[in-house]
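Trainee: This is the structure, below, for whatever I ask next.
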Amino acid sequence: MISRSRPRPGVSSPLAVAALLFGSGAAALVYQIAWQREFRLIFGSSTAASAAVLAIFIGGTGAGSLLLGRRADAHPRPLRLYAVLELAIAAFAALSPPLFDLARAAYRGVGGTFHLGMGVGTLLRLVLAALVLGAPTVLMGGTLPAAARSVASPHDPQRRVVGVLYAANTLGAVLGCVGATFGLLEQLGTRHTLWAACVANVVVALLGWLLSSARQPTPSSTDTHALEAAPALAQEPSHDALPEASPELPLPPRFVLAFAAISGFVFFWMELVWYRMLGPLLGGSVYTFGLILAVALLGIGLGGLLYGAAPRRRPRPSRRPDALPTAAATRRGPTAEGLALTCALEALCLAIPFALGDRLALLALALRPDAGAPLLQFLPGWFALTAIVVLPAALVAGVQYPLLIALLGAGREHVGRHVGAAAACNTLGAMAGSLLGGFILLPGLTAIGSWRAVVVTLILMGLAAWLLPLRAPQRAAAPASPLTEERPLRRLRITAPAAMVLALLCLAATGPTAAFRHSPIGAGRVDRMYLDAPALARSFLQNARQVIVWETEGRESSVALDATDGLAMVVNGKVDGNARGDASTQIMGGLIGAALHPDPQSAMVIGFGTGSSAGWLAAVPSIARVDVAELEPAMREIGERCALVNHDALENPRLRLLVGDAREILLTVPASYDVIFSEPSNPYRAGIASLFTREYYEAARGRMNAGGLFLQWVQAYEIDVDTLRTLYATLGSVFPYVETWYIGWHDLLLVGSMEQPIHDVTALRARLAAPPYRDALTRVWRTEGLEGFLAHHLASPAFASTFGAELTHPLNTDDHNRVEFGFARHVGSSSTVEDAFLPLRKDETRRPALQNGVVDWDLVDEDRLFQIAGDGSEFTIPEDLALDREIRAQAALNWVTGNIDGALAKWRFQERPPRGINELALVAEGMANAGDDSALSIITALERTHPLEAEAHRARLQFRKGARAQAATSLARVFTEMRRDPWSSPQVIGRSLELAREMATAAPPGRTDGPPDPVAKLLFDALEEPFAVHILDQARRTTRIAIAGTQREHDLCVRALADVEPHPPWDRDQLAARLTCYTRWNHPLARRAARDRDRFDACQGLRGWLLCL
C-alpha cells in the first residue's frame, strides 16, 4: 500500500498526483477518439489508414516517454514539469482542428493513395499524422514519468506508487472513453468534445502547478545517492523507512525491456481480436468499440491499482537476537517468477473465454433485452459479456506493467528514466502489434488462430521468465511481498507452470464457431426462444454452423456466406445483403438512376457486395464505365460466387473495382459521373455513417456531371422518424430536389438532383422495354412497363422538402454525426417509418412530374400492392380501398403467407381476370392446387416471363389430377433448371419442395428388395446440387433427406445426410432417422450418431441452455 508516513520534503502527495493523472487520462482518451474520427474523414476508415494514425499516436507517446523520462529525473520540480506538459498538450490539442483542415487539403491535393500508390500514400499518411499529432503525443509520453518522479520514494523498492499512478491515469482514460462514446460525441460533436477535453486538461495543469508550488524541489537522480547516504536516524524508525539496499536486479534490464515490447505487441494484437470477435455479439456499432476499449482500460487500471495496493509483508525476524538485517533481507523487489506468473495468468484468462466458445454467443442472446429497449438496458449485458472476455486478461496486464518498471530498479533512483524506457518499449511493441496484427497476422491466422497464437506467445514469455533465473547465477534478493517472499516464491514456481498447462488444455477446446462469429445476435436478429431448452440452444448452434458455406478473415472484416436461403454475405456477424432476397434493392437501386437519366454514360457505386448493383449498371448499353468503391478485398470472392445474379460483373471490362475507402476514392480519384449510387452498410455500424453526412454529399455533387443523379439507399426499418427526417434534410441541403422510391422490403431510395426532375413518358417507356431494364423489371420486381416501374415511386420532391423542413436540430455533418447514434440506438428494434408516408396515399402531388405521354395511374396503384406481395413480405391493406381492389389485396396477402387455397377463394369474389406476373402466379398456383384445368391457360400466359414457375404450377396440376410420374418429371425439370436460373419466386419454389415431399410419400407399396421408387429417385437426384446462388438451400437439403426417408431399404439416406454433416439438425426424429440409416448401412458415423441421439435424450426435460451443448 502507499506509505502513510508523514510527507517528506520534495515528495508530492501520491493521492493528489493520482487525481491529476486521472483527469489527464480522461482528457487524453477523448483526444485520441476525436483525433481518430477526424483522421477517418481524411484518410478513410480502412485498416491501413487507421493503423497509420494509431502508429503515430502510440509512437509519439513512446518517444515522449523515452525523451522526457530522463528530463523528469533531472528536473528539480517534476510535478511542475508535469503541469507544463499538460498545459502544452491542451494548447496543441485545441489547435489541432485547423491542422486537420490543412492535412485534409494537402492529402486531397496530391490525390491520396490512389494517385500516389499504397507505399507512398501510407508514408504521406504517417507524415501528416505526425505533423498533427507529433507534438501533443510526445508531450503526453512525458507526463507519467514526471508524475512518477514527483511521488517516488527510496523506501518503495517495488515502486507501488508507480502502479497507483498508472492505474489512476488508465482509469481516467476509462471515464474519457465512456463519456465520449456514450454522451459527448452525440451531444456536442467531435470538435466541441475535443475542446471540452482541452478545458479539463487546463484545469488539471493549473492544479498540478499549484500543487508543485507547495512542495520543495525534488533532488535529482544525481543527488539521490547523497540523500540516501544520510544517517538512518534522520528517518522514521519504521519498517517502511528501512534504508534502501543496492542488490542486483532479478533480471537483466535488456530482457525486461524486450519483455515490455513483446507484452505491448501481444496486448494490441489481442485487442484487434477482441474487436473482431465481439463485434457480432455486441452489434458492431460505435458503442461496441468504445465499450471494448473502456473495459480493456478498466482492467489495466484495476491491475495497476491492485499492484500498488498489494499488502507488504514484513521481513521475518531472525532467530538470532543479535542478527542485523542484511541487504538481501531488506530488499523488497519483484521477482522473475512473479513476472512469469503474470504471463501464465494472462494466458489462462484469455484461454478460458476461448474454451467457453459458443456458450458466450448464447450468453449474449440471454443478456440482450427485448427489442425496442432503451440504450441503458443494453449496457449491463454488453458490459458483462465484454468483461468475461476482456477484463481478466487486461487486469493481469495492468499488474504486469508496473511490475516491469519495478524490475528495472527500485525506489526513486532513475524512476523517470525507467518509466520512460519501459513505456517506450511497450509502445514500440504496441505499434508492431497493431500494424502486423491488422495487416498480416489477423488475416493470415484468422481471428481464432490469432487468439490461440496470443495464448501460446504468453506461455512462451512466461516460460522464458520462469527459466531464465535458473540458468543465471544466484542473485541476491529477499522476500517482501506475495510475489517475493520465500514460501510464496516456491508456490509461484508451481503456480505459473500449472496455469500454463491449464491454458493449453483450454486451447484444445473447439472454441468459437460460426454461431459466435456469423450469427446476427448483436443486431437483434436471433430469437430468444432458442434459450427455452437445451435442445433448442443446441439446434441454434448446429444450424448456424451448418449454413456457412464459405468464410474468410478479411483485411477489414470477417466475411462469410450464409446459404440458408440464397447466398447472404455476412460481414462481422451482420447480413449485409442476400444475392436473391435483396435483389430488388441491389439491382433496381442502381437501374432507377440509369432509367431516369436521359443518357447515362458513367456511374459509380459505393459498395460492391454481391456485385449486383454494379453488374447490372455495367450492362446498360449507354454506360461506358462503372467505378465501384469497396473497402473489403474479400468481397471479390463473393462477387464471383454471385455471377448468376450480377450479370458476371467481374468479367465486364467496363466495370472497375477500386478497393479502398469510398470517401477517399470519391474525393481523390479524378473522374465524374452521371449516376452515383451510394449503397453502404447500415449507418449504425462504426464508420459507415460518414457516408450520410452533408460533406459527403457535397463531395459526391462535386463529382457529378451536369444533370447527374445521386442515389442514396436508406433503410426504413430500425429507424425513428427524427433520424429519417435528418437524412432527408441533410441530403436536401445539397441536392434541392429529392424523389423517394420504394425499392424493396423496407428499403427506400432517395434520388437527389440539382434540377427539377421532369420525366419523359415516351422515352422512359421505350427505355424500360429494352434490356437490361426489361429483364430487371420482370425478374426482380415481377412487373412490366412504365406503370409497373412507377408503382415503386413513393414521393415527389415536394414531400422531401416539407418533411425535411420540420427538422428541429442541425443537419448531419462530419463533425456532428447524429445519424450514427440515431441508428445505433434502434438496432434490433421493430420501429419503422411507414406512418410518415401514410398521408401520401391520398396526395396526388406525390406523383412524379411527367411530360410527353400518358400514364394509367389506376394500373400503377393496382400494381403497387402486388409488387409488395412479390417481395414475399406481409403488408398492411389500406382501409379506404374500393371493394374489388380490397378483395384482390386480401388474396395477395393470403398468397404471401402460403395460403394458396385461401388466395384463390378470395380472388374469385371479384370478376377481373388476372393481369401482371404476380396475379397470374397467384391464380395459376391456386387453380393448379385445386386440380382445375382452367389453370393451363394462365400457366401458358405466365410462361412468357417465368417459365420455371409455370412448369412448377403445371407439375402441381398434374399431381392433383393423379399423373404422379408426369408431375415428377415436370418438377424434376424445374429443380434441375433452378441450378442455373435464380429468378423464379422463392415462395413458389419453396412450396414446390413441399410438393416433392408429398409426391415421394405418395409412392405405391411395392417390393422392399427392389429398386427405389422411380418418382422418389428422380426427385432425389434432381435435388442433389444446390440451386443457383444457393436459393432455398436449407429447404432443399431437408427435402432431400425426407425423400430418402421414404426409401428405407436403400442407401439414399447416406447420400442425403452427407449434406448436413458434421452438424445435423438437432431434432429427435431426425437424429433417430440418422442413427437408423447409418446403422443399417454400417456407416463409420454410426457411433457418433448414437452418441448424438443419446445426448439429445439425456437433455430432455432440462431447462438450462448451458447444459448439453
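Using N, Cα and C of the backbone, Cβ positions are placed for all residues, glycine too.
Annotations for this protein, taken from TrEMBL, read as follows:
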DOMAIN    528-771  domain 'PABS'
REGION    311-331  region 'Disordered'
TRANSMEM  51-69  transmembrane segment
TRANSMEM  81-100  transmembrane segment
TRANSMEM  120-140  transmembrane segment
TRANSMEM  161-182  transmembrane segment
TRANSMEM  194-211  transmembrane segment
TRANSMEM  255-275  transmembrane segment
TRANSMEM  287-310  transmembrane segment
TRANSMEM  339-362  transmembrane segment
TRANSMEM  382-407  transmembrane segment
TRANSMEM  419-442  transmembrane segment
TRANSMEM  448-470  transmembrane segment
TRANSMEM  491-511  transmembrane segment
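How about a rundown of where these features are and what they're close to?
Mentor: Averaged across the domain 'PABS' (528-771), pLDDT in this predicted model comes to 94.
The list of residues near the transmembrane segment (51-69) in space but at least 6 beyond its ends in sequence, with Cβ under 8 angstroms from a Cβ of it, reads 32, 35-36, 39, 43, 81, 85, 122, 125-126, 129-130, 133-134, 136-142, 144-146, 416-428, 430-431, 434-435, 438-439.
Among residues of the same chain six or more beyond the transmembrane segment (81-100), those with a C-beta under 8 A of the stretch's C-beta atoms are 17, 20, 24, 27-28, 31, 35, 38-39, 42, 68, 71-72, 75, 131-133, 135-136, 139-140, 142-143, 146-147, 150, 191, 194-195, 197-199, 201-202, 204-209, 212.
Sequence-distant contacts of the transmembrane segment (161-182) (same chain, six or more residues past either end, CB-CB distance under 8 Å): 2, 14, 17-19, 21-30, 33-34, 143-144, 147-148, 151-153, 193, 197, 286-287, 290-291, 293-294, 297-298, 300-309, 375, 398-399, 401-402, 405-406, 415, 419.
Listed by sequence, the residues of this chain that lie at least six past the ends of the transmembrane segment (287-310) yet keep a Cβ under 8 A from its Cβ atoms are 1-2, 29, 33, 160-171, 173-174, 177-178, 180-182, 271, 274-275, 278-279, 375, 379, 382-383, 386-387, 390-403, 481-483, 522, 686, 824.
Taking Cβ pairs closer than 8 Å, the transmembrane segment (382-407) reaches residues 157-160, 162-163, 166-167, 170, 249-251, 256, 259-260, 263, 267, 270, 274, 277-278, 281-282, 287-288, 291-292, 295-308, 333-334, 336, 338-339, 342-343, 345-346, 349-350, 352-353, 356, 360, 363-364, 367, 415, 418-419, 422, 426, 483 in its own chain, all 6 or more past its ends.
Taking Cβ pairs closer than 8 Å, the transmembrane segment (419-442) reaches residues 47-48, 50-51, 54-55, 58-59, 61-63, 65-70, 72, 141-142, 144-145, 148-149, 162, 256-258, 260-269, 271-273, 276, 401, 404-405, 408, 450, 453, 553, 555 in its own chain, all 6 or more past its ends.
If one looks beyond the transmembrane segment (448-470) by at least 6 residues along the same chain, the residues whose Cβ comes under 8 Å of a Cβ in the stretch are 250-251, 255, 259, 262-263, 266, 269-270, 272-273, 277, 335-337, 339-344, 346-347, 350-351, 354, 437, 441-442, 493, 496-497, 500, 503-504, 506-507, 511-512.
Same-chain neighbours of the transmembrane segment (491-511): 335, 337-338, 340-341, 343-345, 347-348, 350-352, 354-355, 357-358, 448, 451-452, 455-456, 458-459, 462-463, 466, 483, counting only residues six or more beyond its ends whose CB sits under 8 Å from a CB of the stretch.
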Trainee: Can you tell me which parts of the same chain pack against the transmembrane segment (339-362), counting only residues 6+ beyond its ends and a CB-CB cutoff under 8 A?
Mentor: 251, 259, 270, 281, 385, 388-389, 392-393, 395-397, 399-400, 403-404, 407, 451-452, 454-456, 458-459, 461-463, 465-466, 483, 492, 495-500, 502-504, 506-507, 509-513, 515-516, 519, 521, 530-531, 537, 540-541, 1105-1106, 1109
